[in-house]
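Noted in Swiss-Prot for the protein shown:
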BINDING   ASP45, SER46, ASP84, LYS112  3-methyl-2-oxobutanoate binding site
BINDING   ASP45, ASP84, GLU114  Mg(2+) binding site
ACT_SITE  GLU181  active site, proton acceptor
Amino acid sequence: MPDVTLTTLQGLKQSGEKIAMLTCYDATFAHTASQAGVDVLLVGDSLGMVLQGHDSTLPVSNEEMAYHTACVKRGNKGSLIVTDLAFESSHSVAQTLADAVRLMQAGAHMVKLEGGAWLAEPIARLAQMGVPVCAHLGLTPQAVNLFGGFKVQGRQETQARQLRADAIALEQAGAAMLLLECVPSVLAEEITQAVKIPVIGIGAGAATDGQVLVMHDMLGLSLTGRSPKFVKDFMQGQESIPAAIAAYVRAVKDVSFPAAEHGFNA
């Protein structure tokens, strides 16, 4: 199978084939997931919670993100690697640019930034430098304290209108992909149709161009014993982790996941 590139993802959006994305933090899982057909591996700052045991993603450093990106690169067999810029990277445009370069040098093919239209400047600068960017809208975990917790975003019309505007503004700034987290399914569908770039959803319904889950969540692993509403345990009925990951890929591709029960109403 040829390596997945940004052009591949754009082609999948145009053809209507769904994009399967999973978080990944090490070489062994990168090898397993890429061999199972996962299109995109997300080296997420969620590692702060599922690997390090923090209650948010805020303590994660960009150097830790680079370390895990390098680990994933060594095991990857053709998936596109997207890496989160850490919370500490957002205090200035100069810092964002420098940290993005560090992640690309570590093996990322694209970096992910959380936030709204205010990200237009760093996204435009990164695009000029040849660094593809995935913009992350909706529930952005790095802003959990501003939101007052992990809550669905975009239910109020003013919020929904702002998210639509932000998506279009960030695409115009040069974002190559968009991730929508915990927004009403109807709103996610509207945004997916409004932009030309691939849109990946998590807790955003089935109408986005693809889906992403935290690897540990979809394998039924949790520090708290509770899973978010948008998660399905793909280990159920499977004999191995590779089989569970392959089942996830199939479910995303045939649109049997997510079901209505995994999404949110407006």
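In case you wondered, yes, glycine gets a Cβ from its N, Cα and C as well.
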Number of Cβ atoms other than its own within 10 Å, given for ASP45 (3-methyl-2-oxobutanoate binding site): 29
Can you name every residue in this chain, apart from ASP45, ASP84, GLU114, with its Cβ inside 8 Å of the center of the Cβ atoms of the recorded Mg(2+) site? GLY44, SER46, THR57, VAL60, LEU85, ALA86, PHE87, LYS112, LEU113, HIS136, THR140, PRO141, GLN142
Mind telling me which of the recorded positions ASP84, GLU114, GLU181 has the densest Cβ neighbourhood, counting other Cβ atoms within 10 Å? ASP84
Measure the Cβ-based neighbour count of LYS112 (3-methyl-2-oxobutanoate binding site), defined as the other Cβ atoms within 10 Å of its Cβ. 25
SER46 (3-methyl-2-oxobutanoate binding site) CB neighbourhood, other CB atoms within 10 A: 21
What is the separation, in Å, between the Cα atoms of SER46 (3-methyl-2-oxobutanoate binding site) and GLU114 (Mg(2+) binding site)? 13
With DSSP assignments reduced to helix, strand and coil, which class does SER46 (3-methyl-2-oxobutanoate binding site) get? coil
ASP45, SER46, ASP84, LYS112 bind 3-methyl-2-oxobutanoate per the record; greatest CA separation between any two, in Å, is 12
Candidates ASP45, ASP84, GLU181 (recorded positions); nearest Cα to GLU114 (Mg(2+) binding site) turns out to be ASP84
